[in-house]
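Features of the protein shown, as given by Swiss-Prot:
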- 2-160: domain 'Obg' (DOMAIN)
- 161-338: domain 'OBG-type G' (DOMAIN)
- 167-174, 192-196, 214-217, 284-287, 319-321: GTP binding site (BINDING)
- Ser174, Thr194: Mg(2+) binding site (BINDING)
- 359-437: domain 'OCT' (DOMAIN)
Amino acid sequence: MSMFLDTAKISVQAGRGGDGMVAFRREKYVPNGGPWGGDGGKGGSVIFRVDEGLRTLMDFRYNRKFKAKSGEKGMTKGMHGRGAEDLIVFVPQGTTVRDAETGKVITDLVEHGQEVVIAKGGRGGRGNIRFATPRNPAPEIAENGEPGEERQLELELKILADVGLVGFPSVGKSTLLSVVSSAKPKIGAYHFTTIVPNLGMVRTKSGDSFAMADLPGLIEGASQGVGLGTQFLRHIERTRVILHVIDMSASEGRDPYEDYVSINNELETYNLRLMERPQIIVANKMDMPEAQENLKAFKKKLAAQYDEFDDLPMIFPISSLAHQGLDNLLEATAELLAKTDEFLLYDEADLVDEEAYYGFAETEKNFEIIRDDDATWVLSGEKLERLFVMTNMERDESIMKFARQLRGMGVDEALRERGAKDGDLVRIGKFEFEFVD
């Protein structure tokens, strides 16, 4: 079984903040000592960090749940609980992170050492020392810690390569990579010998270097899942230049030009932006019989598809096995790379807004009200539910504080407008209370 894995589904959960403490100072010679309960510590966040030493998402095959630790509770003497350490999760360069529920891209991790907070730890609850006022110098109020963010994620690895080799199976892509770099891809006289992407570093005679990826062979219908389908097409997306390798010997009975058209159709069907990348046509196996005649016919058919003012794609006749024509191909590839900018995979509009993702963005409605089948009024909403879980329901003063917060948010008035009467049941999560008008 291959040890290469380029997709994974995982869950991450940040740590909960520690609960605040209700405590009072009781010492000899210190009458009316007042509140002395400290704050809870913050929960640990889940952070993704890029490690250029990783080449696959294989580590996520069996380890799919990542949970950061919670913060410590507040203590007496006004001491705060210790904040939890963040959980660092290492991912390979080129990892795209999506929210599994919405499909939106959260981040695209491409730089070594790059860090992104994927799930933010909850803040610690405030201790009663925070709630002392001249009117209430000894409050019995403390907050629970805020729950940490919890997310279901989809990870997708798109390898970082400057140049991608595409073409039908057995056209010589792996052989080409093996002779121009130190990579050792599997090579065989049968289709789909390459079943995972291979990456190699290429250095030209003039001193330029670039990363080249050999991708599993495509066949007609790949964009709809035929053959290996789109399983590895994603890896072409980060390349800046495409080397389109064609078996000019037609050893398998196919027409080289039809191969060229077919592969380009698959690239365009999969992703229109793939065709924006400059292509170099690599006419391989030129040491074979009939290759020269096939190349002449290929050039004639290609020219017929272009306007006389259009620039034809560059064509380089080579033989990977005989090591012929490789230097010119590599020099031209390096020159093309030098004048080709990177292609952004995701516009800013594609990425989840960080404030919205973590729930910091202002919204028009902080809560919603529905009438359940049992006539109970059900309250929901991110802000409202966050206030609820941070309320210590075992303390009367905390409950009264929560009631004031609801009133300040306009919940009472909204319930009246919806027709709520004195004594009606109101539910938040599993907690129920009576509406008092």
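In case you wondered, yes, glycine gets a Cβ from its N, Cα and C as well.
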Whole-number mean of pLDDT values that fall within the domain 'Obg' (2-160): 92
Listed binding-site residues (Ser174, Ser319), ranked by Cβ neighbours within 10 Å, top entry: Ser174
Cα distance (Å, whole number) from Ser174 (Mg(2+) binding site) to Gly167 (GTP binding site): 11
Number of other Cβ atoms within 10 Å of the Cβ of Lys285 (GTP binding site) across all protein chains: 25
Distance [Cα-Cα, Å, rounded] between Pro216 (GTP binding site) and Ser174 (Mg(2+) binding site): 9
Helix-strand-coil residue split for the domain 'OCT' (359-437), DSSP-based: 30 helix, 17 strand, 32 coil
Pro216 (GTP binding site) in three-state DSSP notation: coil
Ser174 (Mg(2+) binding site) and Ser319 (GTP binding site), Cα-Cα, nearest whole angstrom: 13
Count of other CB atoms lying within 10 Å of the CB belonging to Gly167 (GTP binding site): 25
DSSP-derived class (H/G/I helix, E/B strand, else coil) of Ser170 (GTP binding site): coil
Inter-residue Cα distance where the pair is Lys285 (GTP binding site) and Ser174 (Mg(2+) binding site), in Å: 13
